[in-house]
Amino acid sequence: MLALSPPLRQFPSLLVEPGRCSLLGVSEVPHVKKLTAPLTMAETEEEEEDAEAWLRLKPVEPLPSQCCGSGCSPCVFDLYYRDLERWETARARNDRSLLSGKQPPENQSCSAKLSPETFLAFHISTMEKVTKDTYLVRFTLPGNSRLGLRPGQHLILRGVVDGLEIQRAYTPISPVTAEGYFDVLIKCYQTGLMSQYVESWRTGDTAFWRGPFGSFLYEPKKYGELLMLAAGTGLAPMVPILQSITDNEDDETFVTLVGCFKTFEGIYLKTFFQEQARFWNVQTFFVLSQEVSPEQLPWSYRDKTHFGRLGQELVAELVACCRRKPFTLVCGSPAFNEDMARCLLSAGLTEDSYFLF
């Protein structure tokens with residue numbers, strides 16, 4: 001018997017509806033996206049102009065010379081990465097109002113409040129040359145206002161030389177209670193870029209500062225005695241700390257201040273040293289590396305001056321002559337700070353009993 005073929009299956013008809021199709025029972029598939037029309041020349045130019053405008057608003061990464069190397073927080077690089085993140089967010093959202101928090105330093109004046117993030121303008125009222133390479137510069141503050149630093153804190157100075165921006169850290173030596181001004185001791189070097197900038201200053205000029213910075217904040221009566229080891233302008237942070245102690249009748253902290261200089265003529269702030277040494281709780285010493293004879297010194301300096309360099313033996317002697325267990329503050333060049341740390345450890349002090357500025 002001849003087998004019959006199965007009956008022909010009835011196929012569904014082709015259905016075409018907007019956005020879908022169904023054929024042979026195949027499940028629906030998404031509609032192909034409609035192609036957008038190419039941008040007109042005017043629209044292309046508008047997009048390019050917008051991209052250029054955003055690039056002009058993009059923060060510029062600081063040069064290495066713009067970092068003072070003092071471990072400030074925020075550092076110029078911290079501010080750069082913060083502003084870059086803000087810019088990227090604003091660019092992604094196409095919302096320039098998110099950048100409104102930024103203000104160019106040049107628009108700030110000394111009437112504004114001191115800020116670690118923004119440079120403020122301060123006018124130079126006097127500039128005195130205290131040694132052949134060091135200046136004592138006084139900056140004015142509006143009215144009888146105070147700078148707002150705590151003893152030992154420092155500021156960052158911004159300078160521009162031959163189009164290159166540079167930043168350096170300096171500690172004001174004026175009392176923290178000074179009203180209407182602050183003083184800064186600045187040593188200049190022959191090949192220093194900031195030195196070129198500072199030596200170009202004249203009375204009435206404007207300089208830009210930001211701050212305060214510094215992780216050591218002096219607290220009255222916290223230490224039995226402070227041993228201060230300072231080399232050259234490393235004396236700067238010691239001055240306001242010492243002055244805050246002697247200005248406070250309730251602060252009976254003992255202080256042993258050791259200033260290291262090359263020559264007697266190169267000692268900074270001699271009058272300040274003499275005034276502070278009159279207090280019952282303060283003793284001062286000097287270490288002169290290029291002097292050899294006490295006969296060349298005034299009588300008042302002979303008994304408290306050592307010759308040569310401050311080394312392990314002398315540091316141990318100074319620690320021993322402290323009247324109470326000392327906490328030591330050290331400020332000088334990186335090599336000086338490293339040497340003093342090693343000497344202090346050899347003298348029996350622990351790492352938590354000294355601070356390196």
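Even glycines carry a Cβ here, placed using N, Cα and C.
Record features (TrEMBL):
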DOMAIN    117-219  domain 'FAD-binding FR-type'
BINDING   Arg168, Tyr170, Leu185, Lys187, Met194, Ser195  FAD binding site
Please list, for the domain 'FAD-binding FR-type' (117-219), how many residues fall into helix, strand and coil according to DSSP.
7 helix, 50 strand, 46 coil
For the recorded FAD site formed by Arg168, Tyr170, Leu185, Lys187, Met194, Ser195, name the remaining residues of the chain with Cβ within 8 Å of the site's Cβ center, in chain order.
Leu157, Ile186, Cys188, Gly192, Val198, Thr233
Sequence gap of 6 or more, Cβ distance under 8 Å: name the residues on the same chain that satisfy this around Leu185 (FAD binding site), in order along the sequence.
Val130, Thr134, Tyr135, Leu136, Tyr170, Ile173, Thr233, Leu235, Ala236, Tyr268, Leu269
